[in-house]
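Heads up: the structure comes next, in structure tokens.
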Amino acid sequence: MIRADRMAAVDANAAALGIPRKQLMESSGNAVARVVRTEVDPGSRIVLVCGRGNNGGDAFVAARFLGDYDVETAILGRPAAIGTDIARENWDALQEADLPTTTITDTIHLDGLALEDADCIVDAMLGTGVTGALREPEASAARAINATDTPVVSVDVPSGVDADTGDAAGVAVDADHVVTFHDSKPGLESLDIPVTVADIGIPEAAELFVGPGDLRGRGRAAESHKGDHGELLVIGGGPYTGAPALSAQAALRAGADLVHVACPASVAAQIQSYSENLIVHPFEGDRFAPRAVDTVVDLAAEQDVVICGPGLGSHDETLAAVESFLESYSGRAVVDADALSVVPRVETDATLICTPHQGELIKMGGETDDDWERRAELVAEFAAEIGQTLLVKGAYDVIADSDETRISRTGNPGMTVGGTGDVLAGVVGSLFTGREPRDAAAVGAYINGRAGDLAFEEAGYGLVATDLIERLQEAFEQ
Ligand SMILES: NC(=O)C1=CN([C@@H]2O[C@H](COP(=O)(O)OP(=O)(O)OC[C@H]3O[C@@H](n4cnc5c(N)ncnc54)[C@H](O)[C@@H]3O)[C@@H](O)[C@H]2O)[C@@H](O)CC1
Ligand SMILES: [K+]
């Protein structure tokens, strides 16, 4: 089952793999025609009632695949108002091929379709693009369709019904059969009518591999305020100072509004010196230790996301402090570097994204394999075991929780240089302020790799972690 927003992302990923939307529409229309053939025999009269979006476009294609039927394709509204290029091209093709079409600009024209005399009605008014109750002329057309005894095949979803919920805000088409594409939709389950799921040639790769479709939905509202796009706390530093600074700056470049760094007093000035954009909160001492936990827990409670680990080191005291922090914290956190080893044994209410490389994964108790497909299975099993989201770094990054596994193929061998993992933790942390864990991890891995690829174009194997930070915006834009 797939939700409409995820379907749109998969569709965009398919386009990036070289399977453009118009090709999917061709397959969808073909599938609609095949279902019509199961309902009525050649020669029968079919009326296709079409909207001006891609749902209608599927039916424009279907008309071409039903040459041995008596087909009439009716568009609701003016053809000039067709909303997408691919639907318009398929509408124009009907005109060029001299196939019968009708334009319904007024509800009184609906009578002319003689819907009750048709042998089959194809409802292609609205699919996943519906918002709110059907407007005119769609609402009257739905009533006219429902008033007949003619069998109705709905394209993707009965028009007026929300594909995700099965609810209708007003009148909706009463379908006898639905032909939907690629995968069933959650809203169709509750309708209790036959559903044909048609394979439209979207490869599994469009779902498995993170792609540009996964970046959808990152628009910023015109009127946004500081804090709307996330406030983060990096808990890091001690033996290393660069790591927390890289994570924090990456989080800012990935869109976070404010980034705080909690670090030992001994390194606070050093970390602040990397950037005036960081808000540094020193705690006493030269490493994270149990006595600093209360202060850090209080700071963390004010944030949307915490990034725990960069540069903390692996002193026993530090690991004890990480453990007691995670025991008291119940928000969202990205756990990286030495802090990872604590995760399998800690009892926490926090929602974690753990970002180990393969060595760290093994230290956590997980398993890996040279073959990425086998590795993906092992990572998924371990994610289910610890009940958290894992992002295991490698040539193919594996992102898994107990429900689903994704793979990010971006990145290059130049990124084995120190600090790129800290950048990744920052990017994932920033995305985690507004996305669910698996999605934040998947998109973070993809963007970090893209930034690395952009940096590699210029610097080759000489690339350094700060180059990635500078390319993050460009990586998001592509
Ligand atoms: N990957 C995909 O997502 C695929 C989608 N396909 C088809 O594309 C459809 C989605 O296409 P679109 O996104 O263009 O959306 P739709 O064709 O479902 O609807 C968009 C149009 O409906 C209008 N509209 C919205 N709410 C309305 C209301 N309440 N009353 C009247 N008009 C309303 C909009 O202004 C817009 O013109 C799917 O349902 C499916 O049929 C297929 O071609 C195959 C692949
Ligand atoms: K429909």
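Placement of Cβ uses the backbone N, Cα and C atoms for every residue, glycine included.
If you look up TrEMBL, you'll see 7-208 marked as domain 'YjeF N-terminal'.
Feature annotation from TrEMBL assigns (6S)-NADPHX binding site to 54-58, 127-133, D156, A243, G311, H357, D422. Annotation note: T128 ((6S)-NADPHX binding site) sits in a coil segment as assigned by DSSP.
The K(+) binding site feature in TrEMBL is assigned to N55, D123, S159. Of all Cβ atoms in the shown protein chains, 32 besides its own fall within 10 Å of the Cβ of D123 (K(+) binding site). The DSSP secondary structure for D123 (K(+) binding site) is strand.
TrEMBL lists 210-478 with the feature domain 'YjeF C-terminal'. Predicted-model confidence for the domain 'YjeF C-terminal' (210-478) is 95, expressed as mean pLDDT.
Feature annotation from TrEMBL assigns AMP binding site to G421. Look at G421 (AMP binding site): DSSP puts it in a helix. Same-chain residues at least 6 positions away in sequence with a Cβ under 8 Å from that of G421 (AMP binding site) are, in sequence order, D336, A337, T355, H357, K393.
Comparing Cα positions, T131 ((6S)-NADPHX binding site) lies closest to S159 out of the binding-site residues N55, D123, S159.
In the three-state DSSP scheme, H357 ((6S)-NADPHX binding site) is classed as strand.
In terms of Cα spacing, the binding-site residues N54, G57, D156 that come within 10 Å of D123 (K(+) binding site) are D156.
Same-chain residues that are not part of N55, D123, S159 yet have a Cβ within 8 Å of the Cβ center of the K(+) site turn out to be V49, C50, G51, G56, A124, M125, L126, G127, S154, V155, D156, V157, P158, G160, V173. The most crowded of the binding-site residues listed here (N54, N55, T128, T131, S159) is S159, judged by how many other CB atoms sit within 10 Å of its own CB.
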